[in-house]
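All remarks here apply to the structure that follows.
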């Protein structure tokens, strides 16, 4: 049996970064990845990087086939780079195969050339998440039905794309494919569009999408899916929709089943997420879990922060924990992007805080005029007692950069006036924060 000080399951952001750090510290490390098409993890291969590459090219009205080619070039470059960053290092063995726990120190790696058993003093799980496939008759057998990975590898642009699910993944793909020229229909089972956002923000997003030609159908309870005359037929309670391709955008769930974590005494919750404490320990003393597999926020930057927590315990002072995370921002890369940090207005009011809410139309921002995209709105919530920001929603071009400025001021516990009076370059989208916070009375 091959023995290692550290065995890392999954080539994601946390796993690959931890592997390099431990190898540099002199540890003997094995990193197990089930697919050689996934070196670098979800983000590089089937998530952030390919989707945002296509979002960019769609905004430039690049031909779809050429955009797919460029996406593949970007992904292949980064995948190869990530592989060699690890495989070429002393002390690291990259092992291709499907890992399965035998016990809390031993793993069986299933490989075409024969199974391999390895021993790890410490084991780290970073296997990510996978698409949730709802139990709709025909969804797994009908040609033309894709998860996000499959849709990223289409050979030609669908004339009409249906999207099953109106959450953030669905919105991002809807905007992208509408920009490429597809007709897009979102089918959302809920009665409310983007329920985690304030209604004014969600309504703005819906307006932007509809102006792009996207149809949004709420209360769409799909009963079955079939195939007829080279189209996907989506049958719901009151209507039938024919599309050229259908995207399953019903969310993602932790990828743990094939690991058989129970063999190692690792507890999982009802969604299959690995149960961890604030330092990412599982219920097995020598095993940690990082990233999407823990069932938390599914962002690459959270996986990276998970790595920092584990690194600090193994090689540092052991003081870092998930409790240190303050305000986690996120962006939805529709056109223009939505970015948010902190509370919504609804959450702030429910908290009982005495608040002010200010909004600024993007049409009032000079830089937005220069860039010829005046769609959207900026919104901020300020605590009247502390003068601190409780949250912000930015629906505008470049919001994915601006939100990080807001986050840093919030994390530092500084008053909103820091942004009101900050000196920004001109003309820039960031300087609109001067105007937004000047509206606070």
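Cβ from N, Cα, C; glycine included.
Here is what Swiss-Prot records for this protein:
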ACT_SITE  426  active site, proton acceptor
BINDING   33, 34, 35, 36, 37, 38, 39, 40, 41, 42, 43  FAD binding site
DISULFID  43-48  disulfide bond
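Mapped onto this structure are the features recorded in Swiss-Prot.
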| residue | record | Cβ within 10 Å |
| --- | --- | --- |
| 33 | FAD binding site | 27 |
| 35 | FAD binding site | 11 |
| 37 | FAD binding site | 13 |
| 39 | FAD binding site | 24 |
| 41 | FAD binding site | 28 |
| 43 | FAD binding site | 22 |
| 48 | disulfide bond | 17 |
| 426 | active site, proton acceptor | 10 |
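Between the CA atoms of residue 41 (FAD binding site) and residue 48 (disulfide bond) there is a gap of 10 Å.
When the alpha carbons of residue 43 (FAD binding site) and the residue listed as 'active site, proton acceptor' are compared, the span between them is 33 angstrom. Across the structure, the residue listed as 'active site, proton acceptor' and residue 48 (disulfide bond) place their CA atoms 30 angstrom apart. Across the structure, residue 48 (disulfide bond) and residue 39 (FAD binding site) are spaced 14 Å apart at their Cα atoms.
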